[in-house]
């Protein structure tokens with residue numbers, strides 16, 4: 001297969017924030033960023049799991065500010081570019097300016113997969129500020145491939161130089177991934193790049209990333225030991241091993257990625273980042289991966305099987321930004337459970 005070199009973005013220091021409650025310390029950020037830079041990744045994404053300015057009661061407070069994390073990563077990177085995510089309505093154009101001044105060169109403007117229109121102002125502003133700008137269609141499994149093409153074309157028209165399919169729920173199959181990249185091929189100009197951001201909830205992140213590359217993706221998101229929301233992202237060390245077997249060109253060193261994953265990242269996981277009964281249910285139900293910790297807390301508080309909460313979230317089609325409604329789901333399920341209990345007294 002003849003193709004251009006893959007551009008690998010590691011998201012351990014952004015999506016990986018979800019896996020540890022946004023609690024990296026400064027030293028961990030320096031260590032991980034330095035190891036990634038040494039291992040040859042093209043870009044390192046840094047910041048709160050929900051993007052610039054995401055630290056809040058609703059999404060979870062970071063141990064340190066986004067700018068602090070960016071400064072730490074910038075202090076040790078010599079080759080890799082630094083990247084961030086911004087969700088309109090959470091991050092602002094002023095946040096973009098501060099991120100640029102702190103060393104960020106690439107920004108991904110992320111919206112729900114049916115709401116690309118809300119990215120117009122932020123994409124155009126980011127282009128004017130000199131960033132390489134990507135549109136990021138979150139929860140791409142939650143709409144049709146045809147609509148993905150429509151939404152991607154909107155982002156392109158606002159100035160995005162790349163559009164990512166983000167399988168935030170880890171719900172896509174290889175066939176579903178193929179269909180969405182075929183839709184991008186039909187909708188986008190040939191000069192607009194395509195990217196893939198996969199999650200592991202159905203154990204398909206590497207397979208879906210491979211299929212995406214075979215269908216035109218040249219920008220690939222992955223994380224050390226899969227560090228990310230839910231069952232995690234596409235594990236970078238596994239994907240690079242597969243890319244080597246395919247003969248695809250990239251700049252990464254496999255053993256250095258393996259060492260960073262095992263020595264630096266896995267020891268930080270207070271909850272193993274893996275496919276288990278909870279994270280598998282996220283993928284099965286098509287639920288936003290970063291809802292996992294919120295659902296687990298609600299399940300503990302109300303003594304409900306977290307899988308029931310996740311399934312109900314899926315039925316209600318909650319999307320990112322509706323984390324506060326998870327408690328409502330748990331309350332409703334607890335009330336129903338109480339009403340069905342044979343030991344109920346009154």
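Note that the numbers count up from 1, one per residue, in the order the chain is shown.
Glycine is treated like the rest: Cβ placed from N, Cα and C.
Over in Swiss-Prot, the protein carries these features:
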{"type": "ACT_SITE", "residues": "18", "note": "active site, proton acceptor"}
{"type": "BINDING", "residues": "14, 15, 168, 197, 288", "note": "substrate binding site"}
{"type": "BINDING", "residues": "15, 197, 199", "note": "Mn(2+) binding site"}
{"type": "DOMAIN", "residues": "6-258", "note": "domain 'Pyruvate carboxyltransferase'"}
{"type": "SITE", "residues": "14", "note": "site 'Transition state stabilizer'"}
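Taking CA atoms as the reference points, residue 14 (substrate binding site) and residue 199 (Mn(2+) binding site) are 14 Å apart. In three-state terms derived from DSSP, residue 18 (active site, proton acceptor) belongs to a helical segment. For residue 15 (substrate binding site), the count of additional Cβ atoms within 10 Å of its Cβ stands at 30 [all protein chains shown]. Other residues of the chain with a Cβ within 8 Å of the Cβ centroid of 14, 15, 168, 197, 288, the substrate site, are 11, 18, 49, 138, 166, 199, 228, 229, 233, 289, 290.
Cβ atoms within 8 Å of the centroid of the Cβ atoms of 15, 197, 199 (the Mn(2+) site) belong to the same-chain residues 11, 166, 167, 168, 198, 221, 223, 228, 229, 232, 233, 234, 289, site residues excluded. Counting neighbouring Cβ atoms within 10 Å of each of the recorded positions (14, 18, 168, 197, 199), the lowest count belongs to 18. Sequence-distant neighbours of residue 288 (substrate binding site): residues of the same chain at least 6 apart with a C-beta under 8 Å from its C-beta are 138, 139, 168, 169, 229, 282, 318, 319, 320.
The distance from the Cα of residue 15 (substrate binding site) to the Cα of residue 199 (Mn(2+) binding site) comes to 10 Å.
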